[in-house]
Amino acid sequence: MKIPEMTIVQYLLAVSTVNVLTSNSYSSQVSAFSFSPASTSTFNRFNNKKKSSSFALFAEKEEEEIPFFARTPTFMPLTPEEPTETESSSTSSTSTATLSPAILEAQKLKQRAEKERLEAERLSTQLLLDKISHLEQQLASVNLKLQQGVDEKNLEKQQKDIELQIAMLQKQLTKDNGSTTSSNANTSATSTSNSKTIETSSNTPLVSPKRSIAPMPPLLQEQRVQAFLSFSPNVQALFSEATNIKLDSPVTKLTAEKIMQKCYQTEQQRKLDTSIPMDLYDIANAQAGYETLPPPIQSMIQESVKLPNCQNNTLVVEKLIQDQKVQRTHDGGVEFKMDDPYEEEEERGSSREFTEEELLEARKLYENLPTAMKLMLTNSINVKNDANSTMIVDTLIKEKKLLPAKDGVEFVVFGDGADEAMEQLEGYGYIKGMLPEVTRKEGMEPSEEDADAFFRLLGKKSFNPTNKPEKIPGGFIIRGENMLENGDALVKVIDQALKESPLKEKLYYYYIKDPTLVTEQQFENDDFENPVIVLTGNDLTPTTNRFVKPIVTALGGLSIASFAVATCLATNMEMDLEVMESMTSPLVFSILGVMIAHEFMHQLVALKDKFKAGTPTIVPSIQLGLQGCITPVMSPPPSSNSLFDFAISGPLLGMFLSVFLMYAGLEKQVFMDAASQANLPSLPVDLVRSSGLAGGMVEWLLGGGTLVSNDADPLGALIKLHPYAIAGYVGIVTNALALLPIGNTDGGRIAQAMFGRSFAKFIRGVTLVLMVLAGFFGDDTANLLLFYAIFCQFWQKDSEIPCKNEVDGVNDVRAIIAFMTAFLVGLAVVPLSS
């Protein structure tokens, strides 16, 4: 069977079209075959080779009446000869005239798909460029604010985020453009090949989208124009030559705008194509950047290229380029690279071995380092802080954190682990502010084995730990979840488990709110101060020297006696000793009686709740003879309720007794004759007026105007009071001061029990500030509040030791008592108004 010549041409065209439409990667399949030849020589080759298997197969399938578009060629593609112009045009017109409607439709679909693909790529590229332009405008605005010094911390973070987004978009743009170019190349080749065989039905050429660059944002343009105008004529000339824009004289703003706009376009183009070699534009950029650097940085750059004190900027930049110390950045600019003498020294040091003398020196130096520095070093090499110095030094050398230097050895405290160590140190400082110093006694903290034993002792039915014990100053912290009804139930279970355990004699535990530093993420998620268990050593006795407390107590007793005598001698220096004794004895014993009642209540509550309270220390006072007593808590109270009872019981009883004594003394004084009143001890009027409660009782019982001082009379500044009244006054003031929420005073303990450690610390600061302000600017002319604030800041600023259960606060009844007591304290310490 003879196959007509035109049938072969039609077959080739049909197959090529079907392959294009049904293939997933048409560019590669189309280019794999060459259908451009329709020359006579080619057809002759097909006609002459009738025994060819490929041709025979084709003929057989045609005879079997297989549908035309289902026929698939199995012949090997031939490399055609280039047709002459006449042959090409005649073949093209002939083929066009004889194409079936289905083939023409397929060609139209192919062309439409190609156009839509190119349009989609153009829109995608334009969208990316618009995004980059918008981000660059934002970046320019942020840079301007940074130059003005507005909110630098947040703006620097925002600046980095925007730069990262721009870099990612530019990378995507470069990738997309690369794939587009490749695809367009294939498509173009295919279209060229096919155009020799078929005629397209559309006259619109298929052109790949061009890269368009958005104009420079106005704000950035203004900044760059101002910078260009400030450049030296040398640098301006370089930019003019690089951009082929002629400079006028003098340089106008319009010319500067043109040059900067051209520079901006160049930068943006280089962001898209990083393969452009360094040229005159980069040299201009480098010299402009070099001239704007601070003199110290310029000196460093001059030293790095061995041109010290060189005043020729062009020569320095040329030397930098020659030494390859100028390189283009990802944003189209340039940057300088300087040699780091520290890195060179480190390389030299790490290349030689330590001598025995240097090793000994390194160990000795490490042992004498501050604890904070040791912690940073051990964290940087993931070694426990309690490891021996020899192992730590050997590991530091191995990790290149310890290097031999010219004058001995040097530690490298930067690198991996340094930031974590600094954060840990900051957290340790916060913990030290939250827990008292007695919980961190050196040598008394529990060991890691003790902490692990306690960890195993906790049952999952009582407290379910979420991680292993974590080291903190003075002990360990165990995070987890209380599985019981409340904290008291948990304490009861743990106490029962510790009864027969040797851990009972080695450590104390506290179920408290997390005392570690709150991270920013925890604060944002409202996930902080979660209940945890803290372990410390079992020695919570004060660290004061054992001879100091007896001496201070003795001085306190002597101070009370001296105060009593001074009150008697204030108005009558020649008072009979017998009369003086009759006045001072009730005064001294009354003051001591109130103090003993106060301390007795502390010990009674401690005995009831089974925790240890230390021996009180009597603190002397220049103004009142007695400042108060310091009674340390030496073992953890079972709960916040217990600590509250311990703190409030003593001063509250002391206040009631003092008010009673003052009332009784003033009542007796009212009914005394003039001769007896003449021998009464005296107090300064300003001192009595310092307490609104005591001063009000005096004016109520002795008459209004009693506390009005008479400046004309030297004795007008004093007021005679019965010894009981004076003892009552001292008791009211000292017990009220003890109830102020400061440190580990009774008031501080109450605040801690009610509000927790964090807020109690805040209340302490506010109270101290108010007391100082009252002393300097208020009506407290006797300065009772100011002196007490100074005393507490030095000797009672630490917080109280934790309770076993500090998570559950005080109950409602105790809260009501606390607020009523606060009102009473306010009456007692606020001065009487004039």
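Glycine is no exception: its Cβ is also placed from the backbone N, Cα and C atoms.
Residues or ranges marked as region 'Disordered' in TrEMBL: 74-101 (among others).
According to TrEMBL, the feature compositional bias 'Low complexity' maps to 77-101 (among others).
Taken from TrEMBL, the feature region 'Disordered' covers 174-210 (among others).
The compositional bias 'Low complexity' annotation in TrEMBL covers 179-195 (among others).
Feature annotation from TrEMBL assigns compositional bias 'Polar residues' to 196-206.
For 551-571 (among others), the entry in TrEMBL reads transmembrane segment.
The feature transmembrane segment is assigned by TrEMBL to 583-601 (among others).
The domain 'Peptidase M50' annotation in TrEMBL covers 588-762.
Among the features that TrEMBL reports, transmembrane segment is placed at 646-666 (among others).
Look at TrEMBL and you will find 687-709 (among others) tagged as transmembrane segment.
Packing against the transmembrane segment (721-742) from elsewhere in the chain are residues 563-564, 567, 583-584, 586-587, 590-591, 593-595, 598, 621, 624-628, 648, 650-652, 654-655, 657-666, 668-669, 672, 680-683, 688, 690-691, 693-694, 698, 748, 750-751, 760, 763-764, 767-768, 771, 784-785, 788-789, 792, 796-797, 821-822, 824-825, 828-829: each is 6 or more residues past its ends and has a CB under 8 Å from a CB in it. TrEMBL lists 721-742 (among others) with the feature transmembrane segment.
According to TrEMBL, the feature transmembrane segment maps to 762-778 (among others).
Beyond the transmembrane segment (815-833), the same-chain residues lying 6 or more positions past its ends with a Cβ under 8 Å from any Cβ of the stretch are 644, 648, 652, 655, 688-696, 699, 707, 732-733, 735-737, 739-740, 747, 750, 754, 774, 778-781, 784-785. According to TrEMBL, the transmembrane segment annotation covers 815-833 (among others).
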Seminar exercise, completed: Given 551-571, 583-601, 687-709, 762-778, the one sharing the most C-beta pairs under 8 Å with the transmembrane segment (646-666) is 583-601
Exercise. In this predicted model, what is the average pLDDT of the domain 'Peptidase M50' (588-762)?
Worked result: 92
